[in-house]
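Student: According to Swiss-Prot, the 5-amino-6-(D-ribitylamino)uracil binding site annotation covers F22, A57, Y58, E59, T81, V82, I83, F114, on the basis of sequence analysis. The (2S)-2-hydroxy-3-oxobutyl phosphate binding site annotation in Swiss-Prot covers G86, T87, R128. Look at Swiss-Prot and you will find H89 tagged as active site, proton donor, backed by sequence analysis.
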Amino acid sequence: MNIIEAAVATPDARVAITIARFNNFINDSLLDGAIDALKRIGQVKDENITVVWVPGAYELPLAAGALAKTGKYDAVIALGTVIRGGTAHFEYVAGGASNGLAHVAQEAEIPVAFGVLTTESIEQAIERAGTKAGNKGAEAALTALEMINVLKAIKA
C-alpha cells in the first residue's frame with residue numbers, strides 16, 4: 001500500500017490570495033492570518049505572495065480563475081465573508097463562490113483553498129477570523145501549501 005502525505009513547508013511556493021472587499025473589517029483578519037501562516041509556517045517568501053482585492057465573495061471565482069490561468073502561481077487562496085441576512089441572497093452568493101472556486105481548482109489543476117466564511121451572524125464571522133474559533137484564513141493558507149506538496153508527490 002502506498003500512502004501519500006505532505007508537509008506544509010513550501011519555501012519556493014508562489015501563492016495568490018484573492019480577497020473580497022465586502023465585509024473587509026472581517027476579511028482583513030483573514031488576510032493577516034493567511035499571510036502569517038504562509039510566511040511563518042510555510043516559509044513562503046514575501047515576493048512570492050500576490051494579493052488581489054475584488055468587490056465581493058461572488059467575484060472570487062473569476063479572479064481565482066484568471067490568476068490560475070496565468071501559470072504564475074502554485075495555489076490560489078480565496079478569502080471572504082458571507083453573512084446570512086433576511087433574503088435568499090446568502091444562498092446565491094455563498095453557493096456561487098463555493099461552486100465557482102471548486103470549478104476553478106478542477107479546471108486549472110492547482111489548489112484553490114476555500115477561506116470564505118459563511119456564517120449566520122457577524123459574531124460567528126468574527127470568531128472564525130482570529131478569535132474563539134481560530135483563523136480560517138490561516139487554515140486556508142495551510143491547506144493550499146499542503147495541497148501543493150500533495151500534488152507534487154502524486155505527480156512524482
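Along the chain as shown, the residues are counted starting at 1.
Using N, Cα and C of the backbone, Cβ positions are placed for all residues, glycine too.
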Student: Nearest by CA distance to Y58 (5-amino-6-(D-ribitylamino)uracil binding site): which of the recorded positions is it, out of G86, T87, H89?
Tutor: H89
Student: I need the most crowded of these recorded positions: H89, R128. Count other C-beta atoms within 10 angstroms of each C-beta and give me the top one.
Tutor: R128
Student: Measuring Cα to Cα, how many angstrom lie between R128 ((2S)-2-hydroxy-3-oxobutyl phosphate binding site) and T81 (5-amino-6-(D-ribitylamino)uracil binding site)?
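Tutor: That separation, Cα to Cα, works out to 10 Å.
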Student: Counting other CB atoms within 10 A of each CB, which of the binding-site residues A57, V82, I83 comes out lowest?
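Tutor: Relative to the other binding-site residues in A57, V82, I83, I83 has the fewest Cβ atoms within 10 Å.
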Student: Please report the Cα separation of G86 ((2S)-2-hydroxy-3-oxobutyl phosphate binding site) and F22 (5-amino-6-(D-ribitylamino)uracil binding site) in Å, rounded to an integer.
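Tutor: That comes out at 18 Å between the alpha carbons.
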Student: When neighbour density is defined as the number of other C-beta atoms within 10 angstroms of a residue's C-beta, which of the binding-site residues F22, Y58, F114 has the lowest density?
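Tutor: Checked F22, Y58, F114; of these binding-site residues, fewest Cβ neighbours within 10 Å: F22.
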Student: Long-range neighbours only, meaning 6 or more apart in sequence with Cβ under 8 Å: which ones does T81 (5-amino-6-(D-ribitylamino)uracil binding site) have?
Tutor: A20, F22, N23, I26, N27, L30, A57, V116, L117, T119, A125, A129
Student: At the Cα level, what's the spacing in Å between V82 (5-amino-6-(D-ribitylamino)uracil binding site) and the residue listed as 'active site, proton donor', rounded?
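Tutor: Cα of V82 (5-amino-6-(D-ribitylamino)uracil binding site) to Cα of the residue listed as 'active site, proton donor' measures 10 Å after rounding.
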Student: Using a 10 Å cut-off on Cβ-Cβ distances across all protein chains shown, tell me which of the binding-site residues (E59, G86, T87) has the largest neighbour count.
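Tutor: Answer returned by the neighbour count: E59.
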Student: Whole number in angstrom, please: the longest C-alpha to C-alpha distance across F22, A57, Y58, E59, T81, V82, I83, F114 for 5-amino-6-(D-ribitylamino)uracil.
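Tutor: It comes out at 16 Å between the most distant Cα atoms.
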Student: Do you know offhand how many angstrom separate T87 ((2S)-2-hydroxy-3-oxobutyl phosphate binding site) and F114 (5-amino-6-(D-ribitylamino)uracil binding site) by C-alpha?
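Tutor: Cα to Cα, T87 ((2S)-2-hydroxy-3-oxobutyl phosphate binding site) and F114 (5-amino-6-(D-ribitylamino)uracil binding site) are separated by 24 Å.
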Student: Determine, from DSSP, whether V82 (5-amino-6-(D-ribitylamino)uracil binding site) sits in helix, strand or coil.
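Tutor: Going by the DSSP assignment, V82 (5-amino-6-(D-ribitylamino)uracil binding site) falls within a strand, counted as strand.
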